[in-house]
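Input: a single structure, listed below in structure tokens.
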């Protein structure tokens, strides 16, 4: 099955193109411990990511996917501030691209597709990370989690892209690893390509019913009918 009319492809970042949890986990652990809360592990943080940094810190402080109502707004705000500082200081040295990512982006670029990045990650961290991993040149638009009032699964970023590039929903594809990515696509009326690796709170991506499910980003080339 292919989507031969696709013109615009929107990609998630964390868990889709980049395994960033090792750096996120270190920063989250440093932040919660600085506030006198118990340490969090990389394994825990793999479940906590996907809904933006504020939610990540709330979950880390709560040691749970459900954020404790006992946490004050001031405490969560301080935790977020500390997290941002520690994450910025990390230099993102532990993060790495998943296999086939750079090669796939290059082939899509050569084939003439318009590509955008739509992530719930805070915008200020994204350009440096894309440059560091040599993939910034592939994206005409980079939309962080604070680019609009609402994050994925709200479709506002995808709707904005369609309007900017004058494409119909049938001409756009959302590529991601989490329920939020697939729901954002459904809410925007466009097709979705779900990756089985990445971060989806322990739930198989197939449970969100994406239009396509793949174990590797390279399978996207076949979906959009790029000849190898």
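Heads up, the Cβ atoms here are built off N, Cα and C, so glycines get one too.
Some features that Swiss-Prot has for this protein:
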| type | residues | note |
| --- | --- | --- |
| ACT_SITE | 12 | active site, nucleophile |
| BINDING | 12, 14, 177 | Mg(2+) binding site |
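DSSP classifies residue 12 (active site, nucleophile) as coil under the three-state reduction. Within 8 Å of the centroid defined by the CB atoms of 12, 14, 177, the record's Mg(2+) site, lie the Cβ atoms of 13, 15, 16, 17, 18, 50, 119, 176, 178, 181, 195, 198, 199, excluding the listed residues themselves.
Residue 177 (Mg(2+) binding site) is surrounded by 25 other CB atoms, counting those within 10 A of its CB over all protein chains shown.
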